[in-house]
Each structure stands twice: as C-alpha cells, then as structure tokens.
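Going by TrEMBL, these are the annotated features:
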type	residues	note
ACT_SITE	ASP262	active site, proton acceptor
BINDING	LYS175	ATP binding site
COMPBIAS	46-56	compositional bias 'Low complexity'
DOMAIN	87-122	domain 'RGS'
DOMAIN	137-274	domain 'Protein kinase'
REGION	34-56	region 'Disordered'
Amino acid sequence: MARLFDEQLALTEGNQSQQNDKNHSEVANAENSATLVNGDGPPISPKISPSCSPNSLSATQQNKLLNDKFIQKCVRISTDAANSTGQPSTTLFAGLAKEARRSLAGEPFKQFMETMYFHRYLQWKWLERRPVDKHTFRLYRILGKGGFGEVCACQVRASGKMYALKKLEKKRVKKRHAESLTLNEKQILQRINSPFVVSLAYAYETKEALCLVLTLMNGGDLKFHLYTLSPGGFDEKRAQFYAAEITLGIQHLHRERILYRDLKPENILLDDYG
C-alpha cells in the first residue's frame, strides 16, 4: 500500500495525538485502587480462566443480557425513529445506542467487574494514561536522515508495535528558524486519518530533540521500485493501483484543507505488502 510522506513538514512539543474516551465513573474509581505492575514494564496479567469467558454464561444469564423487554424497547425506538418523518433517519440508532448503554451499565457491568477481563481492562487503561517519553520505545536501526535529524525504527515496549521515529534536533531547528515549520508539521500530521497518508501515532520531546512517531513503511519508496526493481516501468494494472491510492491520499488531504506541494516518487512510500 502506498502512502504519502512529506519530508519538509515538521513538529513542536510532544503530546500523544490520540484522545482518550471518558470512562465510566465506577471504572475510574476502581482504577485508582488497583495494584497493577512490576517496575517500568507493561502490566502483568494473570491467566484468564475459561470459566470467565462470555461463552460460558448460562442460558439464564444470557437472557438477562438480552431480555424480551429490552429487545421490544429497541424495536419500538427504531420504529418510532423510522416513522417520525417518513424519510430515512440520520439518527436511527441514536436511541438504540442510548438504551444499550443504559442496559449494559446495570447488571452486565457488575458481572464484568467480577471477571479477569475487567482487571485486564484496568491494566491497559493505566498503561494508556502513562506519559509518552523515550522510555516508551525501543530504538532500532537508522532508516534514513533528513534535514533536521535522523529517522529510525522503534517499537512500543508495551504492545510490540513497530513505528518510524523521526527526530528533529532542536539546535538545527533553532539555527534554521524553523519553529513555525515544525509546529505546522505536528498540527498537520495529527489531523490526518487515512490509510493512504503517513500519520502521527505519538509525539514527545527529549532534551536534544523533538520526536515524531510515525507510521512505519518498510517497502521502500516508489522511486526505488520504479527505477531499480522495475527499470522497464510498472505494468498497467500496478500503475493504476498506485495511482488510485495516491489519489485517495491527496483527496483526504484536500478534504482537511491541506495542500501537498512535494509530490514525487521518493515521497511515495510502500508498506510490507507493496
């Protein structure tokens, strides 16, 4: 899969770009009192007993989760929403979602709190709220170098997921008066949400550098594939495939009011699957 990447964009101080959902008050209270881990590593989870699996619930317990009264209420809500205007409703499932949340907040949630799944959930929420810094990642080989620093492969210690870590050395940024450029890069990257454009997963800073943790693309750039691996050029189907992905990436940027001005083969990156 091809993705767009702009070497000339940049960042500021690191914040994790993803926002956390608000948790149920009972979950938050339970989090505060939970004992979770050893040292700086990820939480240690005991083995989950098969008896705690949702599939092991008795027929009586399952009926409590999906009783006739609840189903009838959902049907009535959807019917009322569909018949209110005679037109397709844009909020058809709003009432259903509200009723489902209300129902699940009762007895099903209490049952969930008694299982090992709930403790595992608390462990991950605790991990999610930890500040992101250099200790969050393992660093590996250098993938390339840019105008403000190097790009290397990195791995999240807790999940094992791989990313590309782009370092923007503060001395170089200041020397070139590129503060606004780095801020612009961070703001743009955190707005992107497309499988066809490299996006920002994490951001943090050290004493020496501003660090952007980006989507890792291991397949090389389009220029390498076009001129080295396929010196005769791509076949028609492959060219159409890449053109379609690039078009979708550009379309997403335009939808976000972003103008991409550095489109060239070396800035089109491929993933492991090409």
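Glycine is treated like the rest: Cβ placed from N, Cα and C.
TrEMBL entries are annotated by machine, without manual review.
Within the model, the domain 'Protein kinase' (137-274) shows a mean pLDDT value of 91, rounded to a whole number.
LYS175 (ATP binding site) falls within a helix when secondary structure is assigned with DSSP. ASP262 (active site, proton acceptor) and the residue listed as 'ATP binding site' have their C-alpha atoms 23 Å apart, to the nearest angstrom.
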